[in-house]
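J.: Straight out of TrEMBL:
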TRANSMEM  47-68  transmembrane segment
DOMAIN    54-448  domain 'Major facilitator superfamily (MFS) profile'
TRANSMEM  88-108  transmembrane segment
TRANSMEM  120-138  transmembrane segment
TRANSMEM  150-170  transmembrane segment
TRANSMEM  182-203  transmembrane segment
TRANSMEM  209-228  transmembrane segment
TRANSMEM  258-278  transmembrane segment
TRANSMEM  290-313  transmembrane segment
TRANSMEM  325-346  transmembrane segment
TRANSMEM  352-375  transmembrane segment
TRANSMEM  387-409  transmembrane segment
TRANSMEM  421-443  transmembrane segment
Amino acid sequence: MRKQASARFVLKRVVRVCQSQPIPITEQSRMSSSAMDGLQSPVKSSLFLLFLTIFIPFGLGHFVSYLFRTVNAVIYVDLQTDLSLPASSLGLLTGVYFLTFAAAQIPLGVMLDRYGPRSVQAPMLLFAVAGSVIFSVSSTETGLLIGRGLIGLGVAGSLMSAIKACAIWLPVERLPLSTACLLSIGGLGAMASTTPLHALLSWLTWREAFLVLALLTFCVVVVIHFSVPKAYESKNTRYSDMFAAVGKLYSSWTFWRLALYSVFAHAIYMSVLSLWMGPWLRDMAGLSDSAMASVLLFGAIAMVAGSLTFGAITDYLRRYGVQPIMICGTGMVIFIGFQVLMASGLPVSPYLIAMGFSFFGTSTTMNYAIVAQSVSPELAGRVSSSFNLVVFVLAFFLQWLMGVVLNLWPAAQGAGHPLEAYQWSLGLMVALQLPGVLLWLGFRPWKRAV
């Protein structure tokens, strides 16, 4: 009975979100207040203490996650030089991060709901420490794949642990804003992987840089372990019941409808930023390595600004009945427009492309909060990770697919891939996102909450 009740509750909440009328804010507030009343934690007594013991530690985890995710966009030239990797192998090497990241999502969601974010996030980051060390010492493609895969596994819980923590200690209607702030910290990680990393590589080799990243990640483990309060009470729910609820969720068309409208856009956003933006800037804009790192830095700044802007706009407009899905979808459509601009071959400033792509691409990440809002806080881990699994499997596949398409037009010596290669690869990505736009319009997002 407990198994059936849990599954019915998950589906009922997701169905409510997918209906044209959104969940009333008052109902969300009651649900959030009830959940928070059950957690008598000293953390809630001070917003400043909440910031220090919850937001900063888990934000640092997401910082490291994004740093690892986007680092290959800067060091790909060194990898190609040292190992003679073609575009398809480079795409696979970078994309395996997404594959292992995705593989961890379902057990991760169950563990987050059972044991809480503190007990899950710190041990998992140790895999990233080991992976970074292996990556730094490997001289074969296989060794690099193992190291990169362990890194993806280790940081797989960074954002989900942060969202789970916010769902526990913050009102549910504040999830879009808190998620946006967390994502902005991830943007700082992306910033660190651009010009700062390029400057570091003038002193260190890329292998030594990964040893530095391993040390940095271990420091984050220590911060999370000692600063996050032990306020979460482990659940006695059986694993079979918890996994069954996830199975029911995946069998629901309403969940897929809610996920699919933005999932391709978000996966492409991650795939391009974590690797293919760098080659595009080199091949299409003709930038040097240092100029490319500078443009990527401005793109990362735009990512931080986009996360904060979309979070603030959503939080402000909700009081006037504007649904978060309206803001998310509008930004997504503009984001697709920048991809069309990248494929067009028009003489557009690379700064405009990188910043516009990064700024409006952050709107796709808002769907994490939209999905998390659809359930009670104790189920937030499973629902968020179930959605995240779909995103990262697609990100792995699409990043590899772009490399395969680019390889159809081999890179000329010193000239990179031709315009046609990027037109076909980016054109394919745009085509994959158009059905999501139609799904989004089917939600009638312009209707206001009452």
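Just so it is clear, glycine is given a Cβ too, placed from its N, Cα and C backbone atoms.
Predicted automatically and left uncurated, TrEMBL annotations should be read as such.
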J.: Below 8 angstroms Cβ to Cβ, which residues of this chain, lying six or more residues outside the transmembrane segment (325-346), approach it?
T.: 22, 261-262, 265, 268-269, 280, 284, 306, 310, 313-314, 317, 353, 356-357, 360-364, 366-367, 370, 419, 422-423, 426-427, 429-430, 433-434, 436-437, 440-441, 443, 445-446
J.: Taking the transmembrane segment (290-313) as the first stretch and the transmembrane segment (209-228) as the second, find out whether 3 or more Cβ pairs fall under 8 Å, excluding pairs closer than 6 in sequence.
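T.: Answer no, regions not in contact.
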J.: Do the transmembrane segment (47-68) and the transmembrane segment (120-138) share at least 3 Cβ pairs under 8 Å, sequence separation 6 or more?
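T.: Touching, yes - the transmembrane segment (47-68) and the transmembrane segment (120-138) meet the threshold of 3 or more Cβ pairs under 8 Å.
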J.: Suppose I define contact as three or more CB-CB distances under 8 A, residues 6 or more apart in sequence; do the transmembrane segment (209-228) and the transmembrane segment (120-138) meet it?
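T.: In contact, yes.
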J.: In terms of Cβ proximity under 8 Å, which residues at least six beyond the ends of the transmembrane segment (88-108) contact it?
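T.: 68-69, 72, 76, 79-80, 120, 124, 141, 144-145, 148-153, 155-157, 160, 243, 246, 270-271, 274-276, 381-382, 385-386, 388-389, 391-393, 395-397, 399-404, 406-407.
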J.: Can you tell me which recorded stretch out of 120-138, 150-170, 258-278, 387-409, 421-443 has the most Cβ pairs within less than 8 Å of the transmembrane segment (352-375)?
T.: 258-278
J.: Let me know the model's mean pLDDT on the domain 'Major facilitator superfamily (MFS) profile' (54-448).
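T.: Taking every residue of the domain 'Major facilitator superfamily (MFS) profile' (54-448) together, the mean pLDDT is 86.
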J.: Report, as numbers and ranges, every residue of the chain located at least six residues beyond the transmembrane segment (421-443) whose Cβ falls under 8 Å of a Cβ in that stretch; write 'none' if there are none.
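T.: Same-chain residues near the transmembrane segment (421-443) but 6 or more away: 18, 20, 257, 260-265, 268, 272, 276, 280, 283-284, 325, 329, 332-333, 336, 339-340, 342-345, 398, 401-402, 405-406, 408-409.
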J.: What parts of the chain pack near the transmembrane segment (150-170), using Cβ distances under 8 Å and only residues at least 6 beyond its ends?
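T.: Residues packing against the transmembrane segment (150-170) from afar: 32, 35-36, 39, 41, 43-44, 50, 54, 58-59, 61-62, 64-65, 68-69, 96-105, 108-109, 112-113, 116-118, 120-121, 124-132, 134-135, 178-179, 182-183, 186, 217, 228, 232, 368-369, 372, 377, 380-381, 384-385, 388.
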